[in-house]
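A.B. asks: Before I ask anything, let me first share the structure, which is written out below as structure tokens.
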Amino acid sequence: MTLEGSSTLRQRFHQLFYNEKFLIGASLARISFGFIMLYYYLIHYTQRYFIWSYEGIINEHLSDKESFSLYNFSTSSMYFDIVYHVSILIAILYLCGYKTRITSILFFITTYSILQRNFLVADGGDNLVINILFFLMFANTYAYFSFDSAKWRARSDRRNNLFHLVLALVHNMAIIACVVQLCILYLTAGFYQVMGESWNSGVAIYYIFQVDEYANPFIRDLVINHDILIFLGNYFSIIIKIAFPFLLFNRYTKYLAVVGIAFFHIGIAIGMGLVTFSLIMLTSDLLIIGDQDFRWMKSKWLQLIGFMRNKIRRLPSSTNS
């Protein structure tokens, strides 16, 4: 290999691993996860004692003592309230991106604690959010839309030293770990569906809509009266999950994977009412979208807004004429 070729390879390696990537997606994921948990705390606020404290359905016998949770350290209602309200504060700080390196650790601990406290209210997204938040502790989630973003930009002149190169490498590895986690989840779920008789026969969605707790009445009536919708929804669910990891290897098919899986989770949110689960999955999928993709979407959005404004401005003149 020539010196020029070796230098080019070294530059590509440096560009791939030592330049922080997917910063916008990581920042949006931070905001979204913070919002989801804040919503989770507040929507259950008046029922918090019944759901998570020792005064409710989780007593000393049902509590999982082997699993770590801040709520397991005391049976006191005052202690429970302190942990609960501090967790809300941490969720707000994490959402805003304040002292993110510290609050990301605290946010992971408080989120893990509340999700491990009562398995009876889990919706399937709890395991993924715990895994993703663990990896995001090592990622730069404060580069955009945060109180820490200005400080991060001010340190741009020092990003070529060894410490910042290591931080960039750790960030990129953390994002890769999140994406790998998603790929394993979708691929495993798809293969489990293939092994199911009802999924193979194309009627699984019909039976899902027979469960009142997980069925939107309007969507249920629409779907079960049209066999083609059941058929398409059934096999689309299988195909998009199994194909998801492989579609990511190509720049253009990656967009197909992101759009397809987004429609899938929006369908779950509307059709089955699993809103927090769908939001967790959609938030995790943000980590797949690159910074250039977000900038492209922003430019197209601004162009659309400008186009609509011009159309609106022309309405009075065209009316008068």
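Placement of Cβ uses the backbone N, Cα and C atoms for every residue, glycine included.
Small disclaimer: the values here were computed from a predicted structure and weren't measured.
As listed in TrEMBL for this protein:
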DOMAIN    20-293  domain 'HTTM-like'
TRANSMEM  21-42  transmembrane segment
TRANSMEM  78-98  transmembrane segment
TRANSMEM  105-122  transmembrane segment
TRANSMEM  128-145  transmembrane segment
TRANSMEM  165-189  transmembrane segment
TRANSMEM  228-248  transmembrane segment
TRANSMEM  255-282  transmembrane segment
A.B. asks: Same-chain Cβ contacts of the transmembrane segment (128-145) under 8 Å, 6 or more residues past its ends?
C.D. replies: 20, 23-24, 26-31, 33, 36, 97, 100-101, 104-105, 107-108, 111-112, 115, 152, 167-168, 170-171, 173-175, 177-178, 181, 185, 280-281, 284, 287
A.B. asks: For the transmembrane segment (105-122) and the transmembrane segment (255-282), does the number of C-beta pairs under 8 Å, pairs 6 or more apart in sequence, reach 3 or more?
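C.D. replies: Stretch pair does not touch.
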A.B. asks: Grab the same-chain neighbours of the transmembrane segment (228-248) for me: Cβ-Cβ under 8 Å, and only residues 6 or more beyond its ends, written as numbers and ranges.
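C.D. replies: Distal contacts: 179, 182-183, 186-187, 189-191, 193-194, 199, 202-206, 222, 254, 256-257, 260-261, 264, 267, 288.
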A.B. asks: Go through the chain and flag residues at least 6 beyond the ends of the transmembrane segment (78-98) whose CB is under 8 A from any CB in it; none is fine as an answer.
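C.D. replies: That would be 27, 30-31, 33-35, 37-38, 41-42, 48-49, 52-54, 70-71, 104, 106-107, 110-111, 113-114, 141-142, 145-149.
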